[in-house]
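These notes are about the structure you will find just below.
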Amino acid sequence: MKKKIWVFLVLIVLSLSAIFAYFYISNKQKSAVQYADVPYQKNEFLMGTICTLTIYYKGKSAVLNKGMATIRHFDKEATLTEKGSVLDKINANAGIKPVKVPDDFWPLIEKAMYFSKNSDGSFDMAIGAVTNLWKIGLPGARVPSDSEIKSALPLLNYHDVILNKKKHTLYLTRKGMRLDFGGIAKGYIADQVKKTFLKNHVTSAIVSLGGNIYVIGKSHPTSGTRDWNVGIQNPNQSRGSSVGYVRESDMSIVTAGTYEQYLISHGHKYIYLMNPKTGYPYENNLVSVTIISKKSVDGDALSNAAFDKGLKKGLKYMNKKNKQNIQAIFITKDKKIYITNGLKNNFKLTNHKFKMGN
């Protein structure tokens, strides 16, 4: 009788061991199926820059196509040169009538208005009348006359932009007004690509839209412990060369710099970043501003606003964003780097030609 009991117990133990082994192997197999050491990657030239999407999941290559489709969809609506785009319709009807805005585009409109109101005039969604004169980064770029700029300045006023939240319409009240979302659209689109990835169960990826980077999840999803090392662009070198790096996870890193798009005329360099108060490109001691934030749309708008304020005021302005988990890195023409308080233990300087300014 005792022998039978012992045999029975041994069989139970063996059965449980087999079940445990099955689930262990099964989970290992699932892990192997989900994560990939060599990522899927797709590149396309969109929004005037190289867009690169990278996914660290096996069997998810099709999601890259969905991500690119998301970029194309919103780029088409936000592009000023696209006939029939949302912005084209709005600008064409300035001083005539309100224009209905698609529901998925409306949050971008609201964000643009929010930063127009809350940046002390450093960001103005209605800057298009001036950027359309300069056309920096587009065919036909030129230096407009002082009289042209003087005539356009009164049209740069977000107070003359009327939003109807119930009907989702936007009305530019003065003829000749123009919206330009060059300082905010890429950030919004990066956020939408992130949503597309998460909706398709991709939680380890990189979205790179020119100067807009979004790192999703961890760099080694199987361990789940490593943040991404994100390089901060060296403004004096080609893309890919860095001055240092930060370690981040599920964050956006957006850089606005004098090296991105510019116009050389009679030996003078005019950058694409426009001052809405003067109608001319910024001229201060900054060469780049990098914003680290949870939402890329915030980083996009704030990089322009901080650039407008210059180093001293910009640093003070961005340090007030610390409670919102938003940080900034300023690089000056004399190769000094200034960081907000929240980056003191995060930013790592790697280029000896640059020095910390604070």
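Cβ atoms are placed via backbone N, Cα and C, with glycine included.
Bear in mind that TrEMBL entries carry predicted annotations, made automatically and left uncurated.
From a predicted model like this one, the values you see are computed outputs, not experimental measurements.
Here is what TrEMBL records for this protein:
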BINDING   Gly183, Asp300  Mg(2+) binding site
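Around the Cβ of Asp300 (Mg(2+) binding site), 32 further Cβ atoms fall within 10 Å across all displayed protein chains. DSSP assigns Gly183 (Mg(2+) binding site) to coil in the three-state reduction, outside any helix or strand. Summarising the environment of Gly183 (Mg(2+) binding site), the number of other Cβ atoms within 10 Å of its Cβ, over all protein chains shown, is 26.
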